[in-house]
């Protein structure tokens with residue numbers, strides 16, 4: 001061993017700095033005095049905004065996790081006994097609870113859900129033991145509410161609230177008869193002799209562990225991740241007021257979830273290893289504004305393994321070449337965690353990256369405060385045309401399971417519209433649920449903003465007819481194997497001025513137009529729409545006015561037991577008090593602005609064609 005006096009020994013200062021990731025850092029310098037000052041302001045803003053979880057809520061979460069751990073251990077022992085194993089096996093039978101996602105990374109805020117994985121022995125399966133037997137055990141507990149199994153999801157999950165805390169529970173059966181309490185889930189041996197769904201379930205925890213190992217400063221990453229979760233979920237894209245109760249809805253609609261954001265953040269930490277949060281926030285937006293998708297974001301070299309699981313590789317796998325925004329998980333098997341992203345949702349996120357970058361530049365020039373990044377995104381003022389998706393069921397429990405199925409397929413509506421309009425009609429699915437409490441039946445609704453692709457010069461009177469597209473979507477939804485009488489879905493068109501009051505925080509529509517569009521623009525839009533399709537619209541309105549009392553949506557053949565009152569209870573009403581000119585499912589047609597008007601307003605983000613919808617009876 002070399003002596004400390006050895007002149008040939010390299011001192012720590014002379015050793016090359018360690019770098020993380022697949023490339024060298026962009027910038028190695030630390031913060032300036034000005035950066036430190038802005039960092040203090042940022043942390044103060046986060047504290048004042050209530051983004052940090054208090055000790056009481058943290059303690060309650062730990063208590064809930066402990067209770068769930070007891071329940072699954074008892075569940076496995078019960079199954080072991082029922083299947084005739086020895087008394088010693090029953091005594092040793094075990095299941096282990098792991099957490100992942102934002103909770104595991106320590107970047108969750110108040111009220112966020114807990115992503116949880118239950119690892120059980122080889123003889124306890126997912127299909128029957130988890131989704132039926134454990135489901136029934138949970139259903140009998142008073143502490144458990146809103147229990148919602150989603151066995152057909154890409155990663156099968158059981159969602160519920162335990163003492164008011166939202167839980168997403170996955171299950172993985174590994175090739176061991178007895179699961180030890182100190183199981184090392186990051187070890188590759190847990191992947192032996194398991195199926196693809198189990199691999200996806202296990203990888204949530206494995207990815208979280210790798211992310212923590214691949215960033216230069218975990219504590220800095222925690223602060224930054226919390227900031228960016230709030231920026232991306234509260235400020236830029238998704239929400240109007242607060243963090244969602246169900247962040248999984250972001251992913252199923254084609255946006256990014258917690259793991260995606262964590263990987264993006266970790267890559268910035270690798271590129272700027274000595275930066276503090278105030279610097280990293282601006283670098284985040286700067287880098288991803290300039291990122292050339294579909295170039296992937298990768299934290300480490302993609303690992304190959306003799307186990308032979310599919311790993312992301314567009315050179316060998318043609319399907320991987322179709323991904324629009326690849327964000328690759330660092331744990332084997334390396335996968336694209338953002339496969340759900342579509343052309344439309346990538347456009348929305350790219351716009352918000354650019355918006356965040358401009359705000360950060362203003363903050364650096366002392367022209368704006370951190371609060372400017374947290375201004376709510378006014379989704380219901382951003383577009384002139386929307387699709388409203390109403391989901392109904394006979395009772396609350398049926399609505400919960402039915403809604404889960406629809407949510408898991410909601411992304412398909414965006415993809416089908418992109419396909420059938422050749423990308424010329426852009427969609428913005430909004431991952432937030434709305435409820436109209438005035439309806440007599442259990443109900444919830446989701447919305448999607450629509451606009452013609454910017455810069456597209458179409459013919460005067462050009463139309464996008466998506467009635468067939470919506471019908472195809474509904475047909476897929478109605479194939480639900482657990483369908484019950486009363487479960488139904490309606491898709492209708494609403495213009496911005498016809499949006500229902502229940503989508504606004506105070507139940508009242510905003511008295512002013514969007515800040516992006518002036519009143520003159522609105523009048524010009526109405527005039528041009530009237531010129532291009534006024535006769536059709538007037539004819540449709542007259543037809544509806546004469547037949548309003550007799551107009552009823554026809555029921556699907558298998559839904560004859562549903563009363564007409566239930567079917568009518570979700571019908572969108574016109575904001576003017578007259579009959580709506582919108583219809584369910586197959587009455588949707590998009591008619592674009594005349595080319596001249598599109599050119600005049602080409603600098604407006606909200607330039608869009610007119611949606612025209614004709615009242616028609618539902619057909620089976």
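Placement of Cβ uses the backbone N, Cα and C atoms for every residue, glycine included.
Annotations in TrEMBL come from automatic prediction, not curation.
Feature annotation from TrEMBL assigns region 'Disordered' to 1-24 (among others).
Annotation comment: TrEMBL describes 1-13 (among others) as compositional bias 'Polar residues'.
The average pLDDT computed for the domain 'Poly(A) polymerase nucleotidyltransferase' (21-215) is 90. Per TrEMBL, domain 'Poly(A) polymerase nucleotidyltransferase' is recorded for 21-215.
Residue density at residue 258 (ATP binding site): 28 other Cβ atoms are found within 10 A of its Cβ, drawing on all protein chains shown. Summarising the annotation, TrEMBL assigns ATP binding site to 100, 101, 102, 113, 114, 115, 168, 238, 258, 259.
Annotated Mg(2+) 2 binding site per TrEMBL: 113, 115, 168, in sequence order.
Proximity of residue 115 (Mg(2+) 2 binding site) to non-local residues of its own chain (separation of 6 or more, Cβ distance below 8 Å) is seen for 99, 100, 101, 102, 103, 104, 168, 170, 204, 258, given in sequence order. TrEMBL lists 113, 115 with the feature Mg(2+) 1 binding site.
The DSSP breakdown of the domain 'Poly(A) polymerase central' (251-375) into helical (H, G, I), extended (E, B) and coil residues amounts to 62 helix, 4 strand, 59 coil. Taken from TrEMBL, the feature domain 'Poly(A) polymerase central' applies to 251-375.
The domain 'Poly(A) polymerase RNA-binding' annotation in TrEMBL covers 379-437.
Annotation source TrEMBL lists region 'Disordered' at 510-620 (among others).
Sequence annotations record features per position, and here TrEMBL assigns compositional bias 'Basic and acidic residues' to 546-558 (among others).
Sequence annotations record features per position, and here TrEMBL assigns compositional bias 'Polar residues' to 559-586 (among others).
Annotated compositional bias 'Basic and acidic residues' per TrEMBL: 597-620 (among others), in sequence order.
Taking the Cβ of residue 113 (Mg(2+) 2 binding site) as centre and 10 Å as the limit, one finds 22 other Cβ atoms among all the protein chains shown.
All protein chains included, residue 168 (ATP binding site) registers 22 other Cβ atoms within 10 Å of its own Cβ. Taking DSSP states H, G and I as helix and E and B as strand, the domain 'Poly(A) polymerase RNA-binding' (379-437) has 29 helix, 18 strand, 12 coil. Summary for the binding-site residues 100, 114: the Cβ-based neighbour count within 10 Å is maximal at 100.
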